[in-house]
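Features of the protein shown, as given by TrEMBL:
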type     : residues : note
DOMAIN   : 60-124   : domain 'J'
ZN_FING  : 196-278  : zinc finger
DOMAIN   : 196-278  : domain 'CR-type'
REGION   : 359-385  : region 'Disordered'
REGION   : 414-441  : region 'Disordered'
COMPBIAS : 426-441  : compositional bias 'Basic and acidic residues'
TRANSMEM : 481-498  : transmembrane segment
Amino acid sequence: MARCALIPSINPAHSFRQQFPQLNSSFYLSPTLPNFLRVRRCGFSGGNRRRGVTMATGTDHYSTLNVGRNATLQEIKSAYRKLARKYHPDMNKNPGAEDKFKQISAAYEVLSDEEKRSVYDRFGEAGLEGGFNGSQDTSQGVDPFDLYSAFFGGSDGFFGRMGESGGMGFDFMNKRSLDLDIRYDLRLSFEESVFGVKREIEVSYLETCDGCGGTGAKSSNAVKQCSNCGGKGRVMDTQRTPFGMMSQVSTCSKCGGEGKIITDKCRKCTGNGRLRSRKKLDVVVPPGVSDRATMRIQGEGNVDKRSGRAGDLFIVLQVDEKRGIRREGLNLYSKISIDFTEAILGTVTKVETVEGTMDLRIPPGTQPGDTVKLHRKGVPNTDRPSIRGDHCFVVKVSIPKNLSERERKLVEEFSSVRRSSSSTETRQEEHSFGSGPKKEPSLWHKMKSFIRPEDSRTKFGTMSLNSLLPLRRMKEAETSIVLPFLALCVITSAVALVRKKANRLKQKKEP
């Protein structure tokens, strides 16, 4: 199974803002910033990645999303969906992917909002940051990971429910830390990981308090709006810098980001809105799982006290090792040691497998380091259990260091027999190559000895006839073949000489 990363909690974000100086009633100038200030991230030191938001300056939002200025909202959503998946830091580990992801989120935040897009088309980025729209609060930034989760419909895995396009119907200012997912470590024996197992586990989780319905208050009259943040849950701290005004948004310390104060807490949950509870679940582990594999059970995590939605349960498998057996993919490997006489003669030995003790046949002549297999005694494929690996045994041949007198004599006798046998085979091979019966020359060689050119420069048709001694030595059957061949050669030579003579006479007669 593929390993699934746990989803960290989403904490309130902080944004970098700049207010540009006003020169006159109709013209605003954006100062030029150094490159190291064009993309800046603010947040608490030691926080994780989700605690910051990046706002890019000097960039064109339409170019960032690769859309035209007349693009429809559906085209903008489609472009954001494609680019956000490509550059999400959980899926793209290249340097700069996170900054690119935040630029895409900032561009979508502006272009997906009709009012912000209108201001941006008229006045650019300065219009969003300098107050052209008549409101200072509309420029508050959005955590790009909050935006991503809202667009793709929650935090189910890296991309959540991709089929649910959440649009922008999400209250970013009231986004809370969900902490809905639960991790549970389950330990398995080596055999259970190979063959699978059904286990009953007990999980601790948070469920909505039935006393207050998740509000944390004793009654509805015991809740009032926070006076510090005005019910928004966040406060803005603005400071003047040499480059302009810098605004930092942080969680309200008085209400903890809730936007409300509980005057009379629920006694059952002490104002938390959720209660710790335990439940038992039957978990079926498939065969062939590996160490650190993760199983995901949807809807068995913590319950959100407001929406009632439950997170997921992630079960991380921890497989114990088995002594003498090592796993590589679907195959299992073990080492066995046999005596040198067993390696020579072959034997059947007992070996330990995941199915218990079994017989392993060692063929005669096995060499040290050879591998002997028990087929289909390895690990099943998780997706296709009918496919199963092998259990491979690497052979080690043991040679005794101390021999008794009788054993030494037997080994010496065996060595003497081997040497004499090797010498006999060598002499037989030499005899077969050097002293074999002489073969009778073939017919072609006999013809070459009977007819051969007198000189390498001899013209065609010129032949030299040796003595008839070789012909007399031929057998009667061979002579009947050679004589017609000899007659044919003589006739051919005579015809060639006649034609040559005729050509010479013809050349003399011509003027």
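Using the three backbone atoms N, Cα and C, a Cβ is placed for every residue, glycine included.
Worth saying up front: this structure is predicted, and the values here are computed from it rather than measured.
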What are the helix, strand and coil residue counts for the zinc finger (196-278) according to DSSP?
3 helix, 41 strand, 39 coil
Write out how many residues of the region 'Disordered' (359-385) are helix, how many strand and how many coil, based on DSSP.
0 helix, 9 strand, 18 coil
What mean pLDDT does the predicted model reach across the domain 'J' (60-124)?
86
